[in-house]
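**Q** So that we are looking at the same thing, I have put the structure below in structure tokens.
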Amino acid sequence: MSFDDYKAVIDEGDTVILYLTISQIYSIRAEAKTLSKKGVEVENVFQTPYGALKCADLIGKPYGSKITLSKGWGYVMQPTPELWTQTLPHRTQIIYTPDISMIILQLEIAPGSIVVESGTGSGSLSHALIRAVKPTGHLYTFDFHKNRVELVREEFAQHGLSDYVTVSQRDVCSSGFGDELENKADSVFLDLPHPWQAIPHTLNVIKETGGRICSFSPCIEQVQKSCEVLSKLGFQEIQTMEVLQTSYSVQTRKLPVLDLDFLKSEKDGTETKGKEREVVKCVTAVPPASMPGHTGYLTFASLPPVWARSLQISLNQAQEDNSPDL
Amino acid sequence: MSFDDYKAVIDEGDTVILYLTISQIYSIRAEAKTLSKKGVEVENVFQTPYGALKCADLIGKPYGSKITLSKGWGYVMQPTPELWTQTLPHRTQIIYTPDISMIILQLEIAPGSIVVESGTGSGSLSHALIRAVKPTGHLYTFDFHKNRVELVREEFAQHGLSDYVTVSQRDVCSSGFGDELENKADSVFLDLPHPWQAIPHTLNVIKETGGRICSFSPCIEQVQKSCEVLSKLGFQEIQTMEVLQTSYSVQTRKLPVLDLDFLKSEKDGTETKGKEREVVKCVTAVPPASMPGHTGYLTFASLPPVWARSLQISLNQAQEDNSPDL
Amino acid sequence: MDQNVIKVGDFVIVQRQGYTKLHKLKAHGTLSLGSFTVELDNIVGEKYGATFQMKNFPGNRKLFTLEKVDEMPGITSINIEKSGLDNRNITDDGQSQNLTTEDISKLKSEELNSNSIVEKLINNSKTFNSKTEYSQEKYIKKKEKKYFEYVQIRRPTIRLLATMFYRQDPSKTLGIRIDDLSQILTYSNIQSQGTHLLYDSGTSGLLPAALLHQLGGGSPAHLIHLHPGNECQKSALVAMNFPPEQLNRCINVNLYSVLRCYYQQKETFDDPPASKKMKIEEGAVPKKPNWQMENERACQLLNKGVDSLIIASKEHPNALVSQLAQFLTGGRNLIVFNQSREPLQDLYLHLKEKLDFIHIKIVTNFMRNYQVLANRTHPEVNMTTGGYILTAFKLK
Amino acid sequence: MDQNVIKVGDFVIVQRQGYTKLHKLKAHGTLSLGSFTVELDNIVGEKYGATFQMKNFPGNRKLFTLEKVDEMPGITSINIEKSGLDNRNITDDGQSQNLTTEDISKLKSEELNSNSIVEKLINNSKTFNSKTEYSQEKYIKKKEKKYFEYVQIRRPTIRLLATMFYRQDPSKTLGIRIDDLSQILTYSNIQSQGTHLLYDSGTSGLLPAALLHQLGGGSPAHLIHLHPGNECQKSALVAMNFPPEQLNRCINVNLYSVLRCYYQQKETFDDPPASKKMKIEEGAVPKKPNWQMENERACQLLNKGVDSLIIASKEHPNALVSQLAQFLTGGRNLIVFNQSREPLQDLYLHLKEKLDFIHIKIVTNFMRNYQVLANRTHPEVNMTTGGYILTAFKLK
């Protein structure tokens, strides 16, 4: 119940982020009991590299406080969509914070927005969308897979977010988004293998006053087909981009300074390495050895208000005719 | 005549690089006379933002020395392929040094190598290829356009490089590279609108002991078609990459340091901005406001030696059959 | 009143091809757009998203008016007949165009049609045919842009403002690019709740506007916007046409002034809400100046602790963080933006030493746009550089 | 002798899928390749570029031998029948595989066929079916790689060595990535002429090998390779199988030792070439130790001036440049590589102050590889970071 509003203290049932080091971050539940793999109720104990943690002990602890473990310590954080993205159980490839951030800004989402998402996947983006639209807006999220839908619905309930989100099982490519959503959405997000099949259906869900759309695709061929369909349907401001984030740690490195001037005067041939111990300190930001080289392409577009749509279609066609061949 | 070997002093006829500032670099010829646009012989004077330069005055000056202009000064440099790339007359989009560097290393070019290039374009890459293969190797370069061929041939002569290069007019896509080059080349470079049409012809020019190929293409569709053809023909180690270079200048910035602690004690409400004049110096590398976001994709591949080619084809086909659908 | 209708008093974005301009719509106002002066009267009462054609104003060559268009005429492409071989002999001495400025101005006033004007310019250019094909295409694009006759009227959004400001001059927003802005918003965990503290020494109001947008309308959340000068920068804040209720929850106060107020009157802020107290006082003492009321309002909120601390400063961040971190509630995030990496490295080491922050990271982004067209798909050939963001989590 | 034939004494690169290993071929030698020990006798006398299959050695389960293959059997893909929903319940407790190490070893020794082994591993895995499809594909790829039965023998090249060293451990080459290396070579303007001066404090011989490769065989050019220790690193230098004439033009000398020699015997280096002089002396005095001969040979060349100065150091570059720039002829280039930007910033400011260098730049690269496959084209999901290169032009 810990994803809505800012909290001071851990309540029973809260999802809690346990921080050990910058690369050891886990999500656990502040509950005394849990179900074992065999479905039996057992004590809820989380094993960390620094010793076991009885989850019941977390209840009543302030967020941001230090937790002692048998062989070290950790800190408890209130979950944010960003921390959840780092710790959630992967059911699919997920969307990460740099892309999520760009999606929310480009789709112009704010409290009150009605947002449509397909597919839900592991719910990484969904949590950030809900934070942005609540309490007066709503997220309608669709996934093709029944089990994913059930799991993510349960997660939203555990996280206290059920009021702000509706999860449905649906193949939006073949069936569209349903009549209830007709002309309701401010923006639509698609993360589908064949987004170009779903794009025509988005014309029905976007408000008459217009709206924004985003399609996330790992492969350039998906982007090519999507852009073609978007242009034909009269979307404007079609823009494809890529955001890659590098994360640095800061280190102080010591560089030896060679003293070579003494060689000009000194005549005897003693140890050659004798004089190089002087060092200079150098503060530097160190990137990781390997970093994300690609997540996906983000394609954004605007659907104009109904009163400007037909004009836009003729404009797009004219531009296409006008473009020279390679 | 100044592109071959390292020179100390400017001779008559040398192409000379005039350096004014990091963004004002020009190539001029150390000759007393030049032809005007109307074909009349006139005095060879180069106009700079810092005054006129009589090119005849350069003869006999050491490379690396300072040249006084009427309103400032400049420096004379012996041309390198890199400086030439910065100053050459553009007849086409050209290939720049970061890509050129990668091409030469990946094509494993060294003195003695026989290299085939198409198209020659403005000769930017050609100069670097010649530097790498001379004096015992040779560059065979082809262009579709008659006039480009003539201009670049003249340039090579002026630069003293004619012994190391043969320029021919030819549409290699339709006509191949000619019988004289059969099984002669260590490596082949293609910068063509439809490289996949030329790739089959490269099988005839590459040595029986195998060789390397590179195709430079701005658009991903060209890459897709080229890779498909390369794979079918039994090339191996097919690799597509992109190199983007950022160039920094180093600056010392002064950041104001705010003194806010005094607010805790001081009681009177005097000028709020009175105390912020302390500064801290910060050395930082400043990237340009806008940098190259794309030049082209470089696709490299190896043609195995004849004794291993058929095996490679079957291997490539097996891999393709094996790859799952999206 | 229909908020889709363009009204006098609205801030609007006038878009002409890729170019956008922010404008406050006055009755009978004009706007200069490239080389044109345009009368905007005809857009009032029309709807956002509509497209207008610039037409010469009868009887005034210099002035253009806007006429709503509902369909586009067919656009024909310009044929290039002959191209040169290289750029060796092309010197731009300003003498290559036979048409005078006066001629061109006349062309514009007869009928503004970018296609026909560009064709006339080409026909009267001495050098066009000797330019390379590559330069010719560039020339046509540039001129078409200059004489393009259609504009669209858009309602300002954070996305459009961020893009426009950065394109005009990155220093207008301290170098905050759209990806930077988007990540500042997510890492600060901002939402329609809580109190948020921002120090901003000059983003043209973009950062407070973006944060306020995420707080939403009719919510209990507040933004305390600290600034270093006498007045805060607020271009983007006013451009967003926020309803007064929402705009009022952004408390703009001077950094020094509010800190002085906080330290001097600390004991009073634990009292019941300021609004009540003020009312009682109103009758007794002379009304306080507005800035003082705002300072006290901010101090009441600061005293309870804030749910995010965001800094985008020209000044070195260490002193600012040292001073302002006291207001940040334990368990919440600090976000510091800078165009250079070095000041954030200093801050990183400073925070590591002090031990009350964990999960400290510095991030930066590579962002690139793509041209996606049949057989011509590639990344755009120009790319910008963004800034750096330090994020850290405050311990209890 | 045909240089395409694999000979005892050659350095060869053994490639198995994306993995490569450098090996000096001895008579009757073995090589460990992943979990396999492989006998290499069968490759001697075959040609570079050939493909071999690993086959169990009769009578010795642990040992594999290589058999040349001329055609590949058809490869069938592995079908995934059932996938799990998320990775929530997958704990890698090492108990999920029913086959014992002994069982697997037996499978390998019966017939090494990655496809059939992977299928058996899957059939005997308790958790495979509950993994997500995504994890299953990863598992199959990983296992296929482990049991892949074909290897190829390649002749070492700079490209292959640079790629292999960086993949194994970037610190092996001071962080020099292939793009860095390529640009060091072009900016130094190296070619089959002149004298080139390199200080290298540990690139496993990659940098001297790459420079020597550009000097070519049978050329008059020299490389003076300064190193900080008793011996220089030379893995890549020897791996390249350079002819002795070429290898001999790379003069490997200790930095301190050669500088001392230079300062102490400065006046003698203007004399006729050392070789002549040496011959005369040979009869009279005892032969000098080899390192002393090399020092004198280097000093002769240094005294005439060098045509490029290249530094890739662990040490701060300022002192090195201050000392070594005296040998760089005016009109030639200085190239300094570092994995961090900061030491080069220091050098940049140092050079700006001193005024004898112009055209000073620091560059770095973004390099990315692509997967190009029908309908699945995208940049590779992992990317590395390169280093920084400072270039500067020395004035006369």
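A Cβ is built for glycine as well, from the same backbone N, Cα and C atoms used for every other residue.
Automatic prediction, not curation, is the source of TrEMBL annotations.
Below are the features I grabbed from TrEMBL:
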type: BINDING; residues: A:S122, A:G123, A:S124, A:L125, A:D143, A:D171, A:D191; note: S-adenosyl-L-methionine binding site
**Q** Among the binding-site residues A:S122, A:S124, A:L125, A:D143, A:D171, which ones place their CB within a distance below 8 Å of a chain D CB?
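**A** Qualifying residues, whose Cβ lies under 8 Å from chain D: A:S122.
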**Q** How many other Cβ atoms sit within 10 Å of the Cβ of A:G123 (S-adenosyl-L-methionine binding site)?
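**A** A count of 31.
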**Q** Could you give the maximum C-alpha to C-alpha distance in Å for the residues A:S122, A:G123, A:S124, A:L125, A:D143, A:D171, A:D191 that bind S-adenosyl-L-methionine per the record?
**A** 20
**Q** Of all the binding-site residues here, A:D143, A:D171, A:D191, which one's CB has the most other CB atoms within 10 A?
**A** A:D143
**Q** Restricting to the same chain and to sequence separations of six or more, state which residues have a Cβ under 8 Å from that of A:S124 (S-adenosyl-L-methionine binding site).
**A** A:P81, A:W84, A:T85, A:L88, A:I94, A:I95, A:Y96, A:I100
**Q** Give the number of CB atoms, excluding that of A:S122 (S-adenosyl-L-methionine binding site) itself, located within 10 Å of its CB.
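**A** Looking across every protein chain shown, the total is 26.
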**Q** State the three-class DSSP label for A:S124 (S-adenosyl-L-methionine binding site), counting H, G and I as helix, E and B as strand, and everything else as coil.
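**A** A:S124 (S-adenosyl-L-methionine binding site) sits in a helix per DSSP.
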**Q** As a test of the contact definition, list every same-chain residue at least 6 positions from A:L125 (S-adenosyl-L-methionine binding site) whose Cβ is closer than 8 Å to its Cβ.
**A** A:I94, A:I95, A:I100, A:I103, A:E117, A:F189, A:D191
**Q** Indicate whether A:D191 (S-adenosyl-L-methionine binding site) is helix, strand or coil by DSSP.
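**A** Where A:D191 (S-adenosyl-L-methionine binding site) sits, the three-state DSSP reduction gives coil.
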